[in-house]
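The next block holds one structure in the form of structure tokens; read it before the comments.
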Amino acid sequence: MSQHKNRVGLLVSAVGVVFGDIGTSPLYALKETFSGHHPIPVNPENIFGVLSLVFWTVMLLVTVKYVIVIMRADNHGEGGSLALLALVTELTRGRRVHYPLMMLGVIAAALFYGDSMITPAISVLSAVEGLEVVTPDLRPYVVPITAVVLTALFAIQSRGTGLVGRLFGPVMCLWFITLAVLGIVNVINAPGVLKAISPTYAFEFVFRHPLMSFYALGSVVLAVTGGEALYTDMGHFGRFPIRLAWFCLVLPALLLNYFGQGALLIHDPSAIQNPFFRMGPEWMVVPLVALATFAAVIASQAVISGAYSVARQAIQLGLLPRMTIVHTSGEEAGQIYVPFTNWTLYLAVMALVVGFQSSSNLAAAYGIAVTSTMMIDTILVSFVMALLWRWNMALVITVVGTLLAVDIAFFSANIIKVAQGGWFPLFIGFISFTVLTTWRRGRALVRKQLKKQAVPLDVVLRALGPNVSRARGTAVFLTAATDGVPPALLHNLKHNQTVHQRVVLTTVTTAETPYVPDSERVHMTDIGDGFHRLIIRYGFMQTPDVPAALVLCKQFGHEFNMMSTSFFLSRETFVPSLNPGMALWRERLFSFMTLNATRATTFFKIPTDRVVELGTQLEI
């Protein structure tokens, strides 16, 4: 009985977190198709054609591509572009495609941030715009109300969303039931609309009106925004609950609502100004606006939490500098808060709300990031099909070719909207890509320089004679290199002429898996003369904790008393090089990021009163 309750609870939670983004798409998808920047005439022929396109887009891009195919490509249970990237880079290591695929994954992560800025803005704006259906006099209040709602949402992030999060599942279940009921009520008035399930209507629409259907694709894709979240959030809930929730509740509710909106438009074409809020009786508009706003906030929360998760993954995979990561729950390790990410998102979202003013204006910006990410996911998963699943090459080409053709069609329909707002996700993607690749390149140059300057450990051990005093206690030297002597140790020897009785050269590494169990966390070897090499491994979904890892060294017969242990860290500063490894502006950007990165002491949870920092100058 308790196991059944747990499954139901997991199912409800999955509905609350995973499907918020795609669940709010009915607020604007059909409206934008018929009244957006390239409006389509509202007549039965076009309504049937668009509904057929929506139906098969949802079935192909979400049900087949993500739910059936890509969700099989988990990285030890985790999903998402960076998890998929880590899996693919491991599979292609040593092959020519390794670097291009890595760059594709980085582009997907960069585009995600553009998407995560647009989602809260368009979701809450489209929900609050329902007030205009009550009376047009409320139109001037839409943007201020949206700003207040979003400000409150971002302000509570530091306190955690555990308590409020318990309401997410039930509220979203109510939302999807409401979508279904509204859809059924309207379909009953025009049941013939269900004939649009046949793909012939989509094909006829495309062949009869090629240009119009091309423009329509740019808005139809809004029906699948958030589809990638099914894969991204797989690590939190598992494959089965997400698939069950999709097939049993979310998919039927979405399709019923879209067909209900289509039935309404056939019966009353003037409802196109806001078909969703016109689906029910007048008395229902205000409660529906309230429920839609709650659903939009939940969709925004899911994206914000996803942005924190991607930031942590990027830090662990060496794509971003160290940032402060706050755990907001003692029970859920996945509930984190990244202050820098939070307030950067907030400022961008506010700029979008104030700058674009309406969901219609924002819709043009939305599609490019989504279609680009979906296209990259298709390319990455093709290598999983071929190298991990060992599918027949003909099957891989057929499946990937079909999915990629659909992705390219939608991407092409959205790229023409650059001037109307599509420039924004491309601009954010470019900035994010520049930051990610500059940090990755800079750290690679630093590692190269450190390796070049490194003194072999055996040379230092031989040089340790009777004249070098041994201080009592333990010295832990943190170093990125797994061989040689850390610069901090050389500086300590040079200036203090002393070495501790026990010296532990410690390297924290990130595995290409999301989690590393405690049993595999540490590996310690005795080098001799009181020196030890310690390797601490974490997954890219975990936050490093060096003192906690030292406790695990008991299995090697070593115990660490924090009061007699000193931690030595190198503080790197960079000087101009005659042969720079990067352009000057990238060197300056890298230096700026290094200067503003969270201190290693804080990031690795090392007691500040036990830390000694020694400066090191490097040319990059």
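Just so you know, glycine gets a Cβ as well, placed from its N, Cα and C.
In Swiss-Prot this protein carries:
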- 10-30: transmembrane segment (TRANSMEM)
- 50-70: transmembrane segment (TRANSMEM)
- 102-122: transmembrane segment (TRANSMEM)
- 136-156: transmembrane segment (TRANSMEM)
- 168-188: transmembrane segment (TRANSMEM)
- 211-231: transmembrane segment (TRANSMEM)
- 246-266: transmembrane segment (TRANSMEM)
- 284-304: transmembrane segment (TRANSMEM)
- 336-356: transmembrane segment (TRANSMEM)
- 368-388: transmembrane segment (TRANSMEM)
- 393-413: transmembrane segment (TRANSMEM)
- 415-435: transmembrane segment (TRANSMEM)
Tertiary contacts of the transmembrane segment (211-231) (same chain, 6+ residues out, Cβ under 8 Å)
18-26, 28-29, 32-33, 36, 38, 40, 46, 49-50, 53-54, 57-58, 61-62, 65-67, 70-71, 79-81, 84, 115, 119, 205, 242, 246, 254, 258, 299, 302-303, 306, 363-364, 366-367, 370-371, 373-374, 377, 409-410, 412-414, 416-417
Please give the sequence-distant neighbours of the transmembrane segment (246-266): residues at least 6 beyond its ends with Cβ less than 8 Å from one of its Cβ atoms.
15, 19, 22-23, 25-26, 29-30, 34, 42, 44, 47-48, 50-51, 54-55, 58, 62-63, 67, 173, 176-177, 179-180, 182-187, 189-191, 193-194, 196, 223, 230, 272, 275-276, 278-279
Contact between the transmembrane segment (284-304) and the transmembrane segment (393-413) is defined here as three or more C-beta pairs under 8 Å separated by at least 6 residues; is that satisfied?
no
Give residue numbers and ranges for long-range contacts of the transmembrane segment (102-122): same chain, 6 or more residues beyond its ends, CB-CB under 8 A.
21, 28, 81-82, 84-85, 88-89, 146, 150, 153, 225-226, 296, 299-300, 303-304, 306-307, 310, 314, 319, 345, 348-349, 352-353, 356, 359, 362-363, 365-366, 369-370, 372-373, 376-377, 379-380, 424-433, 436-437, 440
With pairs 6 or more apart in sequence, are the transmembrane segment (368-388) and the transmembrane segment (168-188) linked by at least 3 Cβ pairs under 8 Å?
no
Winner by Cβ pairs under 8 Å against the transmembrane segment (168-188), considering only 10-30, 50-70, 136-156, 284-304:
10-30
May I ask whether the transmembrane segment (10-30) has at least three C-beta pairs under 8 Å with the transmembrane segment (136-156), counting pairs 6 or more apart in sequence?
no
